[in-house]
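Trainee: As listed in TrEMBL for this protein:
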- 1283-1328: coiled coil (COILED)
- 57-111: domain 'Anaphase-promoting complex subunit 4-like WD40' (DOMAIN)
- 1000-1209: domain 'Ion transport' (DOMAIN)
- 1339-1360: region 'Disordered' (REGION)
- 237-272: repeat 'WD' (REPEAT)
- 284-325: repeat 'WD' (REPEAT)
- 369-410: repeat 'WD' (REPEAT)
- 411-445: repeat 'WD' (REPEAT)
- 495-536: repeat 'WD' (REPEAT)
- 537-578: repeat 'WD' (REPEAT)
- 579-613: repeat 'WD' (REPEAT)
- 623-656: repeat 'WD' (REPEAT)
- 992-1013: transmembrane segment (TRANSMEM)
- 1034-1053: transmembrane segment (TRANSMEM)
- 1065-1088: transmembrane segment (TRANSMEM)
- 1109-1131: transmembrane segment (TRANSMEM)
- 1174-1197: transmembrane segment (TRANSMEM)
Amino acid sequence: MASVKNPLTEANTGIELHEMEVETVPLVTKGFEATIFSTDIIKANPNAQSWETHLKVDHNAELNCMATSSDGHFIAIAGEDGNVHFVDRNAGAEWQKVKVSDSKIFCLAFHLQKSKVYAGSNNQKIYVVDLSTATITSTIEGHTGQVSDLAVSPNGATLISVSYDDDDERVEGEVRIWDISNEEGGGEDVKVIKEESDYIFSVTISPDSTYFCTGGSACKIHVYKMSKDNHELLTKLEGHTNKILSLTSSSDSTRLFSGSYDKTVKIWDTTSLHADQWTLLKTLDGHTQPILYLSLSPCSRYLATGSDDKTIKVWSVEVGALLRTMESQQMTAVMGVSYECDNTIFSASTDGALRIWNLGAKAQEPLKLEGHTKSAQAVAISGDGSTVLTASEDKSVGVWDSQTGEQKARLEGHTGTVYSVDVSKDGKLAISGSLDKTVRLWSLEGEAKELKKIDFGNYVCSVAFSPNEESLFAGGQDGLLMQYNIDNSELIREFKGHINYIRSLKATNDCEYLVSGSQDNKIIIWNVESEEQVLTLDGHTRDVIGVDLTPDNCKIVSASLDKTAKLWDFKTGEFLHTFEGHSDSVRSVAVHPSGDFIATGSDDKTWKLWSLQPPYSILYTSRDSHTKKINSVAFSPDGNSLVTGSSDETVNITDVTHYNKLLPSSVHDQTFDQDCDLEEKSSKEFDWPSAGTMNLLRCNPSSLIEPRFDDDSQQTLAERAAQNGKSAFLAAALDIPNDNTEDDSEKGIVGWQTRQKYAFFSTILRNPKNETLLALAVRAESGPIVRVLLDCYSLLLSQDYALPFFQHDTSQQQHPSSHFPLDEFNLVLSKFPQLALAFLSQVSLNTSGDHLVQQGVIRHELGPTARLIVGSTSRVPHNFWKEKLKQPDKDGNVPQDSGLPVTAKFVPLKGIAAPNSPFLRSVVEACFVTKKYTIFEREVMQTLVEHKWNSYVKDKFFFHLKLDIALVFFLTFDALIYKTIANRDNHLAIKIVGHFPMLVTSCLWIFFAHHEFRQWQSNSAKSKRAKTKAHLKDFWNVLDVLALFSIFATYTFRGLEFLFGAEEAAIHVSTLVMAIALPLAWVNTLFYMQGSEKSGELVRMIIGIIQGIKTFLAILVVCMVGFAASFFVLFEEQSSSDGESTHIGPLRAFLKSYTVMLAGFAEDDIQGSANPSITAILFIAFTIFINIIMLNLLIAIMGDIFDKIQENAKAEFMFARANIVLEFEETLTKDQRSNPKWFPTYLQVLVPTLSEEENGEDDAWQGKMRALRKTVTGVKTKLGSEISELKSKLVESDAERRLAEAKRDEAVTELNAKSERLEQKSDRLEHLLTLVCKHLGDLEKTHEEGGKEEDGKFPQKEDK
């Protein structure tokens, strides 16, 4: 026989129930598991996401309705057989079954204040069931049709019932309002509302009791005013196309939800005070059959809908998105749904089953610590989480391994029940308090032993280490609270204020304050130093057994025997919230280290998790974790485990990492696919996630890097946001800028620095596919996400920024910069070049930690603008420069520690100079695409290019330069003497000597052709065509190919001429080709002139001017062609000086235009035209337009181009040098690429430490714009500093003015008050004088009358 206690009675005697089999069934469907209470045989499935064991309900008939009590403790179900079944949610068992009627029960409603349940039947009656006695106490009659729905007002004073008449002759619905404020809970009919032509199926009362709504067959929602004497119809909401079967309201009364036979749910905006202004917000469409029941989660963010299609769906109220669908093969039409907390849903269906749907992942079995022979009274966990201590009624303290559950030691010595225990952060010391009136100090190192015993003098109920662990606090009987020195056991302080047992203690992190909870129902906050009471918190109606503080010490949580836990503001003592839900005394409370939620342990044998974020809902309720009351709860320091101690002699360690995902503000139960669908359908960007998720991240920043999704992807929140292009959310989550708002500590939120470090950690983490967030963003082609991540990386690479996650590792490789995803960044350079270059412009050299350099011990002979660059394998090698500067250079000289002061720096980007790194080429291509080269002004790029240039390019480059000069020299010499030596009459020896330049040129040609071929071959493109296309993208490569081809063609034609005897011809084809080859070869020499800074700037100037005037040249050619056509017509038949006419072709006409442009036009030419007058006019027009306008415009354009190029001359030069480096790098062999000096992991830089004056540069050749910008920048800097100074002065003056005004107002107020008081005194004095004068007059008159009566004479006047 199974016996379950009545949770509503204080007595421990229980009511026996029917014998019930204990078995469970798994129904895993679409990410959920349904655990069924039914007559079916139910088995456990370890692979289910979550599973629990429950007792079945003895119910075989169809279920029509269900209801859940407001505290979530009771579930009531009823159906066709007229029975109402009550299930104790915490005990997991049917508590009672009540036979209400022989008729069908259609609706249920709880009245928890009076422990009543109202059941509406099809026999037109409402039955009142007393929960405490499980009997029917009264019956409410009055309806003429079957009762279809019930609603109890929040204050419990009113019951509203609706019904409909099945009479075929009329269609009528009825609303009856009952007064149920009497003790028996029976109803007095207050108001009857008839709704003709409408069957009424549903009713709901708003939580603020301002209105109630009904819905029925008329497809309209009737909204009535909710007041004592006025229930007028406010409005009718239209939108459904079929009868309305269910209604409910949000907890804040701002939303109304209606479910209909038309298979839809509609969400109505009810924020307006005027009901006629209520509007339809959303329509939820997804069910395939009528919707029978609606239920909102406690936080009102999620809606559960039950339907005749045998499914339950969960929706996001905020966005209207379908989140989950739950179904099973056995489940039939869903007649009732109850969203108990944000991760548990109950459902009742016509198959007679009560199901519990758990929305979370699979919960693990707790680790049980067994060894005590009596109840476990208290638990504590060491700072590293490895050790658990338990205090027991068996007079001992247990020491346990938290991972294995093995008992490491048993501390014995107390002679009474041990009520409290605490352990030091390092796990080396422990203290315990007992009813033997002692506090004992224990050593846990090696073999555990007792160190000291402190005689407290009274029962000890609570002990706690001070945060600095130099002292301990002990509280006990009669409100005794002491602080002792741990070293000498001397009493330091005594705190007086409580009058009963002190059951719990908690000190603030700085040990400035102490919080105590007592059986006198009070919580006191003490100032430890002064021993004074700072605040006393009253609110509990019974003993306060537990207290705890949030990690930021901003809030207090307390547990009491009044069955509640309460939340308080630490600074003000303001009461914030009451956590109600336990059915018996709450004996312990603990705050999660994240500050997100709390745990409570109760005499009802359960522990609960509660959200610390509004609306403070229940996150989880344990089931079957303990068989007796839970005395103590505590979280592990990492927050992953909850330790519970119980009177059943066991201690459980439960993994709660899963429950962290069940926060109301979590998004683990939202799908991003639906978000994306909504975003595509919406005209504006969809706002994801909600503000609740942002609150979660602020309170628990580690949520950003945790897998928070139940699908197989195991993606983190940051990954999912990056993949779906949620840039606004990611920017807010990464929190790139500093918070300029209030100090976070004031709001109890983790500081932005901590959030930012978690954000940085999220950017360098890699998923199982070895992808970072940047890779996901690039793959999604989301520029905004890339921008956000690059902003984060720019801060990550800043000077002296280190993450706490790597502090345990002394390896320099673990610095965040070593995790910069260079491969992904190369993709960004190709797909988002502007964003990538903007990021690189923010990266600068970081100062190295080389102390010998920084302290000026090492000095070096560097020029004012020189730098020494050396590669290294680690980020910041120890004393790197001391070792390097003692090594001889190429000339065998050993540098001396003398010269200029220097600064040691390094490039924070790892691997940019590594073998086969495409970084430099990617940057060059990005610059080529954007036509912006300023990135090469930045010291990082200059350092990289200079390192490569000096390491392996410089020597080869100048060797090639010498060979190129030799090539053009011998080619030119060969062209000059070829005609002479080609004569057949020359001697053979002369011919051989004469062909020597050609032989040398041919050898040099082979060398350069081989160089060009290797450069082409090293291209990463796969096909030859692609290689060629990529190779010819570069202007200099095109010029190389043309020059080499023209030289090859020249000598090929020479050979043919020699073979075929055409050497004596007047014009040789080889000569014509040579005429083309010579300028190409000489111009190609400009490529090598780029290697020198001075000549390189001029070469870039020429190329820049040519590129800049391309459009102008096109316009000029068009104009000249136009005039050439005119001259062709006028001079087509031109007479010569001998009288003969000559023909002029188009080419000569164009040359004539060119000659005119150069002022080479004679007057005789005009006379020789077909019409000299027209020719003269055209000549003048040509001269004005071309010679004056166009050529002067050309000069102006070239001047502007000169300034622009000169402004970035250094960058242009470095860009050209980078191209040279890439060309020569492509020709290196595999062995050369493996040289660690040429291709290091990091680049270390030694630069001279100079003042701004010493480091000044000559701006003469830097261009006008640069000079102007420099001047403007200087002015802006100066103005900025002056403005800042003025602002500070204005702030100070404004503060002084406000202070003066405040003092003046205070003085005026004081003067006015004094003046008013003086006026009041004056009025009173005047009134008093008036009374005195009147009194004196009366006296005088009386005296005169009296004198006449006595002796007939007036009395003598007396001096007054």
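Start at 1 and count along the chain as shown; that gives each residue its number.
Glycine residues also receive a Cβ, built from the backbone N, Cα and C atoms like all the rest.
Note: TrEMBL annotation is automatic and uncurated.
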Trainee: Near the repeat 'WD' (537-578), which same-chain residues lie under 8 Å Cβ to Cβ, leaving out any that are not at least 6 residues past its ends?
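Mentor: Contacts with the repeat 'WD' (537-578): 500-501, 503-506, 508-510, 513, 515-519, 521-525, 584-591, 593-595, 598, 600-602, 610, 612, 616, 632, 745-749.
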Trainee: Using DSSP, break the repeat 'WD' (411-445) down into helix, strand and coil residues and give each count.
Mentor: 0 helix, 20 strand, 15 coil
Trainee: For the repeat 'WD' (623-656), give the DSSP counts of helix residues, strand residues and coil residues.
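Mentor: Helix, strand, coil within the repeat 'WD' (623-656): 0 helix, 18 strand, 16 coil.
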Trainee: Residues sitting near the transmembrane segment (1034-1053): Cβ under 8 Å, six or more positions beyond its termini, same chain?
Mentor: 971, 998, 1001-1002, 1005, 1008-1009, 1012, 1015, 1068-1070, 1073-1074, 1076-1077, 1080-1081, 1083-1084, 1087, 1103, 1219, 1223
Trainee: Kindly report the helix/strand/coil residue split of the repeat 'WD' (369-410) according to DSSP, in that order.
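Mentor: Counting residues per DSSP class in the repeat 'WD' (369-410), I get 0 helix, 24 strand, 18 coil.
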Trainee: For the repeat 'WD' (411-445), what's the mean pLDDT in this predicted model?
Mentor: 93
Trainee: How many of the residues that make up the repeat 'WD' (237-272) does DSSP mark as helix, as strand and as coil?
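Mentor: So the repeat 'WD' (237-272) is made up of 0 helix, 20 strand, 16 coil.
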